[in-house]
Amino acid sequence: MSELPGIVVMGASGRMGQMLIKEVLASDKARLVGVLDRPGHDWVGRDVGECMGGQPVGVMVSDDALETMAKAQAVIDFTAPAATVDMAEIAAQARAVHVIGTTGLTEEDIEKLSLAGRHATIIRAGNMSLGVNLLTQLTKKVAAALDEDYDIEIIESHHHHKVDAPSGTALMLGEAAAEGRGVDLTEVSDRGRDGITGARKRGDIGFHAIRGGDIVGEHDVLFAANGERITLRHVASDRTVFARGALKAALWGQGKKPGEYTMLDVLGL
Ligand SMILES: NC(=O)C1=CN([C@@H]2O[C@H](COP(=O)(O)OP(=O)(O)OC[C@H]3O[C@@H](n4cnc5c(N)ncnc54)[C@H](O)[C@@H]3O)[C@@H](O)[C@H]2O)C=CC1
Ligand SMILES: O=C(O)C1=N[C@H](C(=O)O)C[C@H](O)C1
């Protein structure tokens with residue numbers, strides 16, 4: 001039997017699920033041992049290679065997470081909040097690393113994941129790309145160097161299918177800016193202004209979401225003062241950057257102690 005870590009991909013039919021399956025199948029460091037989709041999905045029971053329009057790969061789409069996870073060393077999960085919270089318990093039971101890319105999680109969801117993280121290895125990030133994780137560090141540094149004369153606004157753009165706002169990445173960047181400034185994001189966050197809002201409050205961090213077409217993911221962090229502006233920008237033009245990061249996280253997590261980790265840990269940033 002192969003010694004390579006066995007990976008399960010959750011949300012097989014999704015935009016990210018399909019990217020992840022291709023990434024794992026192409027890897028010489030991991031093997032695809034299972035794929036999951038939600039009960040009732042028409043891919044369930046069929047070979048995932050064929051579902052994706054190619055040759056069979058010998059891995060059937062399942063809706064039975066418990067059974068599928070028994071073979072796995074890691075599960076990569078880019079699905080929806082309720083599915084991710086349910087999977088956290090199953091991954092912990094299976095002693096598999098749980099790599100979470102799902103965004104739109106509530107505080108309550110995050111608390112449940114933290115409970116699971118007491119006895120499981122969880123790696124979670126609203127964006128798994130190297131570029132965005134580096135950008136969080138740059139954002140923190142710039143925010144620390146500038147005072148509140150510089151208004152911080154985070155502008156994100158995504159495809160028209162995206163269901164959550166602000167994006168997970170925008171929230172990561174907001175957290176980084178707040179940390180750099182030494183403030184609590186929940187106290188300064190100003191989301192999507194509309195109507196007679198009054199003048200901008202000094203020290204606020206603003207969030208704005210654009211949704212349209214097939215935009216993969218674009219994020220600007222604007223520092224605007226009287227007389228000058230700085231913009232830090234990341235543009236993702238291909239979802240492979242997220243899939244590559246997620247697989248790296250699944251491999252990095254092998255043998256790590258239970259706990260909650262981020263891509264900063266994985267990338268050593
Ligand atoms: N952290 C990161 O780097 C990135 C995160 N994302 C996030 O990943 C998530 C998914 O994004 P997309 O692939 O664009 O969405 P999508 O809607 O194309 O795919 C979601 C998939 O999850 C499946 N699913 C739903 N409930 C399930 C369950 N109980 N069990 C198994 N599968 C289930 C759906 O059937 C679907 O195949 C979103 O939250 C998105 O924001 C997306 C890209 C990058
Ligand atoms: O839903 C998406 O597509 C993306 N979601 C993540 C987010 O919410 O930031 C990451 C990336 O921007 C694509």
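Backbone N, Cα and C atoms are what each Cβ position is placed from, and that goes for glycine too.
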Matching residue for the NAD(+) site, where TrEMBL names GLY11, ALA12, SER13, GLY14, ARG15, MET16, GLY101, THR102, THR103, ALA125, GLY126, ASN127, MET128 - out of ASP28, ASP37, ASP86, ASP147: ASP37
The domain 'Dihydrodipicolinate reductase C-terminal' (131-267): DSSP-derived helix, strand, coil residue counts: 51 helix, 39 strand, 47 coil
Inter-residue C-alpha distance, ASN127 (NAD(+) binding site) and ARG38 (NADP(+) binding site) (nearest angstrom): 23
Nonlocal residues around GLY168 ((S)-2,3,4,5-tetrahydrodipicolinate binding site), in sequence order (Cβ under 8 Å, 6 or more apart): THR103, GLY104, ALA125, GLY126, ASN127
